[in-house]
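The following features are taken from TrEMBL:
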- A:105-319: domain 'ABC transmembrane type-1' (DOMAIN)
- A:1-39: region 'Disordered' (REGION)
- A:47-67: transmembrane segment (TRANSMEM)
- A:109-130: transmembrane segment (TRANSMEM)
- A:142-162: transmembrane segment (TRANSMEM)
- A:192-215: transmembrane segment (TRANSMEM)
- A:298-322: transmembrane segment (TRANSMEM)
Amino acid sequence: MTSQGAVTAADPGAAVTRRADARRVTGRSARGTGRPGRDRTRQRLEILFFVAPALTLMALFVVYPVFSAARMSFYRWKGFGPMVDFVGLQNYVRVLADDVFTDAVVHNFVIVFASILVQLPLGLALALLLNRRIRGRGLLRTIIFVPYVLAEVIAGVVWFQLLQPRSGLLETMLTSVGFPVPEQGFLGTPDLALATVFVVLTWKYLGLAVLLFLAGLQGVPDELHEAAQLDGASWWQVQRRIAVPLLAPTIRTWCFLSMIGSLQLFDMVWILTGGGPANATTTMATYLVSQGTQRSNFGIAGAASVVLFLIGFAMAVAYQFLVLRRDTKADA
Amino acid sequence: MLCSSAVLLTATACGGGGSSASGGDDNTITWWHNSNNEPGKGYYEQVAADFEAANPGVTVEVVAMAHEDMVDKLEAAFQSGDVPDVYMERGGGELADHVEAGLVRDLSEDASEEIDKIGGSVAGWQVEDQTYALPFSVGVVGFWYNTELFQQAGITAPPATMEELTAAIETLKGAGITPISLGAGDKWPAAHYWYYAAVRACSEDVLTDAVTSLDFTDPCFVQAGEEVQTVIDTEPFNPGFLTTPAQEGATSASGLLATGQVAMELTGHWEPGVMQGLTEDGQGLGAKTGWFPFPAVEGGEGDPQAQLGGGDAWAVAQEAPDAAVDLVKYLLSDEVQTGFAENDMGLPTNPAAAGAVSDPALAQLLEVRDAAPYVQLYFDTAFGASVGGAMNDAIALQFAGEATPQDIVDQTQQAADQEQ
């Protein structure tokens with residue numbers, strides 16, 4: 001987010017520079033006052049002035065923490081006192097050899113792929129339906145979007161109570177219609193916990209997918225629909241041949257957001273299960289929090305956060321290169 | 001999280017206003033404490049005012065905050081090295097780390113009189129025979145139970161041995177009552193079972209050695225896990241106990257006991273206060289509150305009278321003015337400890353205050369504690385967050401059926417070896 005802010009702040013500056021270059025080429029001063037050289041210096045200062053706040057914030061809250069975590073990962077450090085016990089790559093060896101961490105990586109990827117496989121078709125179907133003129137459309141859109149607006153912690157606490165074994169609303173409802181419920185509850189059974197967390201995440205984030213897809217569908221020109229209808233295309237054909245293909249850039253962007261969100265998954269897991277039962281729902285983020293702030297193994301937490309950063313970075317770059325490239329190319 | 005809840009009153013309230021740590025001059029003392037509810041808050045304000053009156057020119061800046069806030073702020077204070085002059089230490093490995101980093105002042109000489117008076121309880125706050133903090137409240141862990149539900153099931157005397165405990169569990173289940181609530185989601189409540197079993201199975205010498213040598217090869221540690229396994233095998237816990245929190249909300253382990261949905265829970269001396277905060281009438285279990293110690297283990301080397309516990313101590317920052325040491329000594333004086341006991345703020349360590357505890361449950365605990373040959377500090381606190389955390393994780397896995405008694409010893413040993 002911060003990087004986007006920096007780019008937007010830099011853009012007007014970039015435009016100014018280009019104009020200055022143009023002036024130099026034609027050898028004419030726009031206003032006729034002052035020499036071009038002084039003008040350029042002033043404009044550079046202007047750029048610096050406008051970009052500096054964003055850059056400072058980014059350096060302070062993004063660059064510095066990243067580097068300090070990376071530095072921490074090479075030391076054994078308990079969180080206070082001088083950082084002197086250099087251990088080389090030992091923390092990385094421990095993190096990668098720790099079953100809890102490797103399981104956490106697997107859980108993250110399960111969520112990444114499950115999100116795309118489940119939420120994409122579901123979100124697309126809902127968006128296509130809600131794009132039709134049906135009664136109560138505004139209300140339906142609101143109902144689907146409300147969970148996304150709700151703070152994650154609040155949603156987590158509500159679901160935690162709904163999912164209480166025996167006394168929770170969900171189990172009461174299921175048992176009243178004769179549906180079997182697990183002995184230890186949905187969150188307390190290791191084999192079901194991750195799936196349960198995923199269901200709650202889907203409930204929470206489907207709204208975002210639907211919202212983005214609906215916005216994307218607004219960009220599909222009406223003429224195409226009309227032309228297709230004139231040609232006798234059915235509703236289904238219109239969606240499949242026109243709406244969905246034209247929505248593809250939006251879908252690719254959503255997939256990217258969903259992927260990054262799934263890799264960084266923390267809040268919902270922390271509230272629903274805290275990573276348990278029996279480490280069945282740990283994620284990379286819960287691992288580094290429990291190692292860092294709870295156990296004071298800041299070196300291990302640093303190494304885990306660097307691994308998380310590298311995985312996220314590699315996936316983002318790969319996705320950009322393989323999938324998003326055609327979108328940016330089309331723009332240019 | 002490690003047993004951090006050694007507070008009687010965990011009801012939420014706002015944290016203290018000022019975040020200033022040690023004030024620069026020698027005449028201002030910053031004092032952080034976690035008694036942010038009445039009567040404790042007002043009592044400590046009075047104590048500070050009395051101290052100021054007795055020491056002209058000295059100002060005490062009292063900062064009362066909720067326990068969790070205090071723990072977070074202290075952690076930040078240790079990181080920055082700007083530690084408040086007088087603050088709380090939980091002892092064990094955590095204190096040893098602070099000592100090693102040169103953050104805590106050695107009180108052995110300056111407070112030798114108070115240390116003698118407190119007696120054996122200071123052991124948890126000593127590093128290499130030097131005392132770095134004075135414990136003002138030390139409690140013990142045990143089974144809090146609902147006397148009415150025990151009666152309903154026809155159990156006349158609280159269980160004293162493991163067999164009696166498993167028999168009581170079966171009886172309760174037969175009567176349709178969930179026997180035990182357990183907040184294994186927070187891990188330490190589950191770990192307390194193992195710690196206590198180890199206190200019963202291992203001799204005092206073995207445990208004392210283990211804390212310093214971090215050597216867990218004695219077979220009694222495996223036996224401890226086996227004893228815990230027999231309890232787990234009776235399936236006595238509330239449904240979903242693996243993700244149940246210890247004491248937050250009505251569906252937590254404490255909440256289940258407070259609302260009469262389970263018969264008992266193994267937890268610390270703070271339980272009555274926690275249960276009061278979790279019930280609408282503010283009474284907790286009220287007159288139905290009962291307490292019995294962890295049962296004896298057959299063939300165990302440990303003394304059945306020994307208890308597992310922990311507490312809070314006042315420590316002085318390395319850089320603090322001498323007046324801060326005087327304040328801590330004053331806090332442990334007969335006068336202040338008696339007032340502390342009268343307000344039911346905890347279990348006083350100064351023997352002069354023992355008679356002043358009015359709450360019957362706390363008074364009973366105090367008797368048990370003082371009759372104990374020794375009080376073993378919670379292992380996770382004693383071993384420090386890193387080893388203690390690994391130990392708690394392994395124990396929690398045993399409760400989930402995914403670790404054997406041997407696994408617990410192995411994983412604890414592995415974490416301990418990595419510390420060396």
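Backbone N, Cα and C define each Cβ position, glycine as well.
For the transmembrane segment (A:192-215), the neighbouring stretch richest in Cβ pairs under 8 Å, chosen from A:47-67, A:109-130, A:142-162, A:298-322, is A:109-130. Sequence-distant contacts of the transmembrane segment (A:142-162) (same chain, at least 6 residues past either end, Cβ-Cβ under 8 Å): 126, 130, 168-170, 187, 200, 203-208, 210-211, 267-268, 270-272. For the transmembrane segment (A:298-322), same-chain residues at least 6 beyond its ends with a Cβ under 8 Å from one of its own Cβ atoms are 66, 69-79, 87, 91-92, 94-96, 101, 105, 255-256, 259-260, 263-264, 284-285, 287-289, 291-292.
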